[in-house]
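Written below as structure tokens is the structure these notes are about.
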Amino acid sequence: MADQLIKATAADGGIRAVGVISTRLTEEARARHKLSYVATAALGRAMTAGLLLASNMKREGSRVNLRIKGNGPLGGLLVDAGLDGTVRGYVDCPFVELPPNARGKLDVGGAIGREGYLYVVRDVGYGYPYSSTVELISGEVGDDVTHYLATSEQTPSALLLGVFVGAQGVTAAGGLLLQVMPKAARDEALVATLESRVSQLSGFTPLLRSGKTLPDMFEQLLGDLGLVILPEIQLLRFDCRCSFTRVLGALKMLGEAELQDMIEKDNGAEATCEFCSEVYQASSDHLAQLIDDLRTESVGS
């Protein structure tokens, strides 16, 4: 099944639902960064959460950044997700592995840490980005993003995130975001019903691995509440905006002396993108051209 995002409403528009399948893009992140099992689960959950949050933005080009910094051995992670369905991300310590937690699951909370912060930045492409910071609740990502939605956006929300990774890589990943909109937030019975149904689920990946599609999941949760599934299906992908041109631009900012030193000592330069682990090689000729450009610009000014 292709990585995708679909939306739905229920309760006469009082409930907003978004579903994401992110199996392939999570596997690509795992392969690119050579992630451990627990690091794969952590980054996969965070990338899915980023896509779910970005789906609520309106302006073309809008993006959401999620940064989690905890006191666990994983260190932290950063995700950049767009309204256009693209996402990228990395973890600080990709090779960290931990024993399963008490429930026999990957210990994402132990890897990230239970103490720390979640930083969310929403960039709509103009003006100053909107940023918010909340303390971590569990380090499991889903709890922490739900806490952010409740405190910073004041929207009652239920969030399910899941990644199943084994010896063959990632075989299931995705998530569901259910939100009670302001016009229905005072309906305590509706909120209680939604919370009860979500709490009875065993998680997202068991649903996906059992063969259920996103519409199936929506039907299970909201089918008797006037469910309306929107027809649009958005395809999702891991995509990084890095390029050799950007690398050369960054090297140019180092200045003539540093570039000359690289030519003499290293016969060039190597740069690795943190977001996608793509490696770029700049030859001594490339660096010499940058020096020429700097000198030309200096004379022109």
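Using N, Cα and C of the backbone, Cβ positions are placed for all residues, glycine too.
Annotation note: C240 (disulfide bond) sits in a coil segment as assigned by DSSP. In the shown protein chains, 18 other C-beta atoms lie within 10 A of the C-beta of C240 (disulfide bond). Look at Swiss-Prot and you will find C240-C242 (among others) tagged as disulfide bond, backed by sequence analysis.
What Swiss-Prot lists as disulfide bond is C273-C276 (among others), and the listing cites sequence analysis. According to DSSP, C276 (disulfide bond) sits in a coil region rather than a helix or strand.
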Neighbourhood of C242 (disulfide bond), C-beta criterion under 8 angstroms, separation at least six: C273, F275, C276, E278, Y280
Number of other Cβ atoms within 10 Å of the Cβ of C276 (disulfide bond) across all protein chains: 19
